[in-house]
């Protein structure tokens with residue numbers, strides 16, 4: 001496995017691979033791998049001849065007072081895990097490599113970031129869209145794999161690829177959970193034992209909402225109220241949002257007549273966690 005840290009070397013590697021008639025799958029990450037990341041690599045390895053994993057904690061997707069400086073890193077461990085998963089390359093540039101002095105370009109979307117996480121993290125999706133565009137241009141993948149825990153990010157990237165005519169297939173993979181249901185996240189490391197117990201309220205509240213819909217409730221307001229009440233009944237929780245929305249546009253709905261996305265963002269102690277589930281009233 002190669003570890004590449006400059007854009008020029010990454011582009012040269014990709015050009016050489018394409019000249020050989022081989023395909024590339026990219027798994028973009030911010031590192032500190034858990035089983036969710038590893039499942040993306042497993043999926044990506046089946047989609048192309050070569051797997052490239054990018055490892056970059058993207059500073060421009062963090063707002064003021066967010067956890068950029070505290071975000072966990074262990075590159076040596078990540079390199080070993082990526083190699084075990086069959087990665088041909090880990091692309092691990094530093095911030096100055098992707099954002100050199102004078103950098104002034106940003107990629108923005110006009111509608112999708114106006115919902116869910118975008119309301120409380122106004123710079124986040126501009127940062128995501130910008131770095132993903134750069135990674136696509138540098139690596140030149142045929143396929144890119146993303147997890148669906150950040151469902152909004154997945155939809156932003158799908159729209160980005162469509163709108164900017166990238167010839168890249170986007171593959172979304174299911175959320176990977178701990179045995180007790182907690183969605184895997186690098187930020188789970190921040191949680192104390194008590195906070196981790198409270199964090200289980202997210203996945204349990206998704207199940208509660210699904211049960212209400214299966215029992216015939218189609219009005220969104222009582223479902224949202226029940227979910228918020230359940231989460232806030234756990235110590236140290238603050239709800240950022242609970243939203244039932246259209247899975248494509250992310251616009252909130254009032255009544256459930258077709259599959260909807262239930263998306264949550266909750267502060268547990270000092271840690272912000274997200275989770276989601278698509279709920280189908282016909283099932």
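Quick reminder: no glycine exception, Cβ is built from N, Cα and C everywhere.
Marked as active site, proton donor by Swiss-Prot: 37. Taken from Swiss-Prot, the feature ATP binding site covers 30-37, 147-150, 176, 184-187. Marked as (R)-pantoate binding site by Swiss-Prot: 61, 153. Per Swiss-Prot, the feature beta-alanine binding site maps to 61; the stated evidence is sequence analysis.
Overlay of Swiss-Prot annotations on the structure.
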residue : record                    : DSSP class
30      : ATP binding site          : coil
36      : ATP binding site          : helix
61      : (R)-pantoate binding site : helix
148     : ATP binding site          : coil
153     : (R)-pantoate binding site : helix
176     : ATP binding site          : coil
186     : ATP binding site          : helix
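Taking Cα separation as the measure, residue 176 (ATP binding site) is nearest to 37 of the recorded positions 37, 61, 153. The number of other Cβ atoms within 10 Å of the Cβ belonging to residue 153 ((R)-pantoate binding site), over all protein chains shown, comes to 23.
The distance from the Cα of residue 30 (ATP binding site) to the Cα of residue 61 ((R)-pantoate binding site) comes to 11 Å.
A straight line from the CA of residue 186 (ATP binding site) to the CA of residue 61 ((R)-pantoate binding site) spans 16 Å.
When Cβ atoms from all protein chains are considered, those within 10 Å of residue 61 ((R)-pantoate binding site) total 21, not counting its own.
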